[in-house]
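The following features are taken from Swiss-Prot:
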type	residues	note
BINDING	12-15, 34-36, 44-47, Arg105, Tyr267, Asp289, 296-302	FAD binding site
Amino acid sequence: MPHTKKILVIGASIAGPALCYWLNHYGFQPTLVEKNQSTRKGGYAIDLRGIAVDVAKQMGIYDSVCAMRTSLQCVRYVDAAGNLLFEEHGEKGGFRQGDEVEIVRGDLVDILMKTITDIPCFYDHAIESLTQHDDHVTVQFKNGKTENYDLVIAADGLHSATRRMVFSKDDYHLRNLGCYISVFSIPNYLQLDHCETLLEAKQKLVSITSDKDSTKAFAGFMFRSSNSPNYIRDEASQKDFLRENFTNHGWESNKLLSLMNDANDFYFDAIMQVKMKDWTKGRIALVGDAGYTPSPLSGQGTSLALVGAYILAGELKTATDHVAAFARYNELLKPYVEANQAFGVWVSESFLADEPLSAEQAEERNNIVLGIMKKATHAIELPEY
């Protein structure tokens, strides 16, 4: 495929910058746009696992990722009264094996953005409309600007606006796994030292984690609920929903809820998967969570984003045209996506226990997780491009 192709990439999180790196590497002309005024800093910890580690090494970022990795030394399980039940040390609590690594989301975004400093990147650029033609796509931005591109690739996340513009409701389905997640920063008032402490009971999980910055910690909530619509988008309702589910739940729950309004990085979402037969239509493609999020519970969203970006760019490099490249992208990535989405469903059904786990029960569950995860994280053989 001619490498002079002008390609618009939408979304400056994980998949978007990774895709731009590979497109630029292969001689294409990518432009990256992001609707927000900057990349999001900080955030929760994410993982590079399985073959995604190989992609990171090929990109030359693996050493940088390792240098910025989290450094949790233990995970402590407590009961509702705050009594220590047991603790795990090293990588065991994070389900990482071999050269797999955990890093804060914002740190990985910074590393990826540093690989594409020579690529045009525009912030505060939201898309108003996309119009496909035989030989190009016309993009109307909300700031009034209009541009034509040979291809458009959207990496704008689970709630992708591009997906809603381009694909009909018959083309995709958001599968709610019946769980919800929330994360926000708090002062490290428990003075945790490279440690995560958590309470898992009544199909709910509350955690406090402090890693590199000893003054700061992150509060985490995960829970099952059938009493909410799939889509709660306003922050006030999200916080009310958390209070309904965690007030007087035990341990530090009430304290964390009281600190919630002071956080400037509050995050909440339903745990969902994007289910699609194909991630392409005409001259437009989806990559990462926009097309195939496996759910945060799987811990594989970042890995799917990196692998998906690698394969999509590689197929565009080797194919005769975008039609052939998109067809191969859909075909090659499908088994990997399906394996990791199945893993995400299994986790949603197997975690968030009714009663606090014993050390033996946690050990048994961890071993099962590691076995299933190893298969899912290697459910594709990386092509060489």
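Cβ atoms are placed via backbone N, Cα and C, with glycine included.
Known features from Swiss-Prot, placed on the structure.
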| residue | record | Cβ neighbours (10 Å) |
| --- | --- | --- |
| Ala12 | FAD binding site | 27 |
| Ala15 | FAD binding site | 31 |
| Asn36 | FAD binding site | 13 |
| Ile46 | FAD binding site | 24 |
| Tyr267 | FAD binding site | 17 |
| Leu297 | FAD binding site | 23 |
| Gln300 | FAD binding site | 29 |
> In terms of DSSP three-state secondary structure, what is the assignment for Ile46 (FAD binding site)?
Replying inline: strand
>> When DSSP is mapped onto helix/strand/coil, what comes out for Gln300 (FAD binding site)?
In response: coil
> Per DSSP, Ala15 (FAD binding site) is which: helix, strand or coil?
Replying inline: helix
>> Taking DSSP as the reference, which of helix, strand or coil describes Tyr267 (FAD binding site)?
In response: strand
> Can you check what DSSP calls Asn36 (FAD binding site), collapsed to helix, strand or coil?
Replying inline: coil
